[in-house]
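**Student:** If you scroll down you'll find the structure; I have some questions about it.
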Amino acid sequence: MDFIRLKSRAKINLSIDVLGKRQDGYHFVEMIMQTIDLYDIVKIKELDEDEIKVKSTSLDIPLDEDNIVYKAAKILKNKFYIKKGVEIFIEKNIPVAAGMAGGSSNAAAVLVGLNHLWELRLSEDELKEIGLNLGADVPFCISGRPALAQGIGEKLTNIKGLPCDTNILICKPDLFVSTKEVYQGLDLNNIKKRPNNKYLIECLKSEDIKAVSESMVNILENVTIGKHKEISDIKQVMMKNNALGSMMSGSGPTVFGLFKNKEDALIGKKELLKKYKQVYVVNSSQKGVEICGEFN
């Protein structure tokens, strides 16, 4: 086998709470993470020459050693003394810099793909440990199972997520949001409303999507909306079109809404497409990285 093709899925946050800050600048968080069926395709091909090449359909990501997928391949090459090279091609569908872990998901796909391609026989836990060196979201993206994430996001407790037929409307406005600046703008002593994650987990367990939708809280949202009112406007469009609930994912700028039926989600999509290009109707998922082809 010298070629492998993988699906690399996006995530949304059903809640985000920030509990404090570490000495190294990372924050202690508690959040519920949910994979969705919006994915990039990552193709990995072995090369005879000992180098790492990155190519993509997107003009918005670096194609050199600054790309997280390059770093993922380099970590495995160095750790296991691999003398072969690889070409990594990313067919981008997940919006870039959107708060949906697109880059982390791509890195997770490279770790899983090279584990198979190079027959390293690493367990999922071993891959997650390596992935944590690349980013806090990478371990979650490897498995993709809905989880309560704690610590800096690396401590994962599997939970029951949204039913797989849940209709989700996604809108990524053409805005740049600095995650660092959002966290810097957070006043932890003045948070008016925090998520009740225990209650949210119970709502997920009982598949009460209405209660889930009404209980979603992202404490980063007000900081980002303070800089970009547009995010609030998108939420209002979703709610006007019968979303059960709408919230910003991650530090933004992506907004999502949960819908009881697909027809309402599609009507909301049509309205948002009048102003925004990156609008999708997708379902929730229980999967992370998925191998969808191995070739010699």
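Note that Cβ sites are derived from N, Cα and C of the backbone, with glycine treated the same way.
Below are the features listed in Swiss-Prot for this protein:
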ACT_SITE  Lys11  active site
ACT_SITE  Asp137  active site
BINDING   Pro95, Val96, Ala97, Ala98, Gly99, Met100, Ala101, Gly102, Gly103, Ser104, Ser105  ATP binding site
**Student:** When you put Lys11 (active site) at the centre and draw a 10 Å sphere around its Cα, which of the binding-site residues Pro95, Ala97, Gly99, Gly103 have their Cα inside it?
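**Tutor:** Taking Pro95, Ala97, Gly99, Gly103 one by one, the ones whose Cα falls within 10 Å of Lys11 (active site) are Gly99.
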**Student:** Give the three-state DSSP assignment (helix, strand or coil) for Ser105 (ATP binding site).
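**Tutor:** Note: Ser105 (ATP binding site) is helical by DSSP.
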**Student:** What does DSSP say about Pro95 (ATP binding site): helix, strand or coil?
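**Tutor:** Going by the DSSP assignment, Pro95 (ATP binding site) belongs to neither helix nor strand, so it counts as coil.
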**Student:** Just name the most isolated of the binding-site residues Ala97, Ala101, going by other Cβ atoms within 10 Å of its Cβ.
**Tutor:** Ala97
**Student:** My understanding is the cutoff is Cβ-Cβ under 8 Å with a sequence separation of 6 or more in the same chain; which residues meet that for Pro95 (ATP binding site)?
**Tutor:** Gly102, Lys172, Thr254, Gln278
**Student:** Give me the sequence-ordered set of same-chain residues, not including Pro95, Val96, Ala97, Ala98, Gly99, Met100, Ala101, Gly102, Gly103, Ser104, Ser105, with a C-beta within 8 angstroms of the centroid of the ATP site's C-beta atoms.
**Tutor:** Ala10, Ile94, Gly250
**Student:** Whole-number Å only: compute the distance from the Cα of Ser105 (ATP binding site) to the Cα of Asp137 (active site).
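**Tutor:** Distance (Cα to Cα, whole Å): 8 Å.
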**Student:** Sort the binding-site residues Ala97, Gly99, Ala101, Gly103 by C-alpha distance from Asp137 (active site) and give me just the closest.
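**Tutor:** If we rank Ala97, Gly99, Ala101, Gly103 by Cα distance to Asp137 (active site), first place goes to Ala101.
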**Student:** Test of understanding: give the count of other CB atoms lying within 10 angstroms of the CB of Gly99 (ATP binding site).
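**Tutor:** Around the Cβ of Gly99 (ATP binding site), 27 other Cβ atoms lie within 10 Å.
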**Student:** Taking the Cβ of Lys11 (active site) as the centre, count every other Cβ atom within 10 Å, in any protein chain shown.
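**Tutor:** Taking all protein chains shown, Lys11 (active site) has 28 Cβ neighbours within 10 Å.
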